[in-house]
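Residues or ranges marked as transmembrane segment by TrEMBL: 43-70, 82-102, 130-150, 157-178, 184-202, 209-231, 243-262, 326-350, 356-374, 386-419.
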Amino acid sequence: MGPGVTPSGQTTAPERSKAAWHDLRMSILARTPLSLGDLRRDLSFSAVFSGFLAMFVGLSGTLALLFSAAKSSHLTAAQTSSWVMSVCVAIGVTGLVLSWVYRAPVVTAFSTPGLALLASDMNRFSYADVIGALIVTALVVTVLGFSGLYARLVERIPSAVAAAVLAGILLPFALGVFRALPSSPLLVGLMVATYLVARRFAARYAVPLALLIGLIVAGFTGSFTGAAFAWTLPSLVFTAPSFSLSATLVLALPMTILALASQHLPGLAVMKASGFGRVPATPLVGVTGLASLLSASFGAHTTTLAAITAAICAGPEAHPEPSKRYVAGLASGASYLLAALAGGVLAGAFALLPPALLAALAGLALTGSLLSSLEASLREAAWREVALLTLVVTASGVTFLGVGSAFWGIVVGLAATLVLRPGRTA
């Protein structure tokens with residue numbers, strides 16, 4: 001019996017952690033370094049636009065929630081600015097570094113479920129206690145990521161289930177295009193028509209052209225809200241943390257579960273379903289956890305892998321060749337860094353746009369990824385029932401025990417696999 005092996009033949013936790021670190025080092029060292037020449041050769045407008053769009057979609061629906069949470073907790077303007085800047089910097093840096101190292105469209109985001117929790121409960125605690133809870137959350141995620149424990153869990157998810165989860169995540173956005181049609185028929189109708197015509201003659205520019213037409217129509221029809229906004233200097237405000245058992249139980253514990261179950265798990269499933277399963281989960285989860293740890297004292301809540309916006313960068317709209325889609329990940333990271341410097345303008349710009357335009361833009365941008373994931377999930381007849389159950393639960397939008405439908409879709413998919421496809425993991 002070798003060292004680090006239990007009598008039952010299983011490796012011990014220290015040995016598993018050591019193996020995870022070894023795999024991480026080897027996965028980085030084995031890669032051909034990306035050069036600026038490679039980047040210039042692979043650069044494309046569609047990939048850069050997809051990266052910008054990922055940032056645009058990622059922030060458009062969540063900045064308002066962030067400002068609401070800050071207001072309910074009576075944060076100062078400087079503290080709120082620090083929150084926006086620090087979380088955008090964390091997302092931007094992690095997206096740039098991971099996309100560069102792994103030549104894959106690694107898109108990160110902040111935890112939207114975690115933000116919703118903060119908006120609901122952070123006003124019950126001092127700001128220092130909230131910062132302490134954010135640090136605890138980040139520390140736990142970092143340890144689980146770099147130890148390799150979380151990666152081994154994700155590796156057990158069958159490809160059909162991962163693809164079905166992605167399809168279930170994206171389906172509501174595709175449906176949202178036509179749900180927005182009755183309220184803004186001209187705007188949405190012309191955006192859809194432009195998208196279809198462009199797909200026929202200039203497929204890579206279909207989404208940018210649809211956005212352009214949407215902006216023109218919104219301007220002519222007076223659909224902009226006319227909200228005023230102004231650029232303000234960004235700032236970082238350090239807050240010394242304090243740690244309380246109450247804040248740990250009420251904030252840190254659920255935020256950790258939400259980050260791992262509702263963000264990282266579907267995020268890794270999206271990467272796998274989009275053909276980038278070669279990227280190891282260990283550095284993705286570990287690095288985002290480390291970024292959260294370093295930025296928490298400036299107000300940033302948990303940085304995680306993205307799911308919905310990752311599909312924008314990992315899908316065929318970014319580039320027909322998967323090997324060149326990493327540019328979209330780099331562009332997304334760079335866009336978040338720019339957003340960190342222009343938080344005031346960005347928030348006002350999002351408030352200015354009509355909701356129907358945002359809904360149509362998101363749905364059209366994700367159409368290609370939805371089609372690819374549906375094809376992958378239903379390709380093999382033996383897996384179709386498992387995939388359908390997974391897709392339906394994920395698309396339902398159900399929330400149970402505070403955890404979203406993407407997690408429960410994976411749970412149902414794995415349960416169905418055990419019953420219908422015992423012993424199968426492919």
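Glycine too: its Cβ is placed from the backbone N, Cα and C atoms.
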Any contact, the transmembrane segment (130-150) to the transmembrane segment (356-374), with at least 3 Cβ pairs under 8 A: no
Range from 82-102, 157-178, 356-374, 386-419 with the greatest count of C-beta pairs under 8 A to the transmembrane segment (243-262): 386-419
When counting Cβ pairs under 8 Å to the transmembrane segment (157-178), the leader among 82-102, 184-202, 356-374, 386-419: 386-419
Contacting positions for the transmembrane segment (386-419) when only residues 6+ beyond its ends and CB under 8 Å are counted: 113, 117, 156-158, 160-161, 163-165, 167-169, 171-172, 254, 257-258, 261-262, 265-266, 269, 307, 377-378, 425
Same-chain residues at least 6 beyond the ends of the transmembrane segment (82-102) whose Cβ lies under 8 Å from its Cβ atoms: 27-28, 31, 34, 63, 66, 70, 75, 108-110, 234-237, 279, 283-284, 287-288, 291-292, 294-295, 298-301, 303, 326, 329-330, 332-337, 339-341, 343, 347
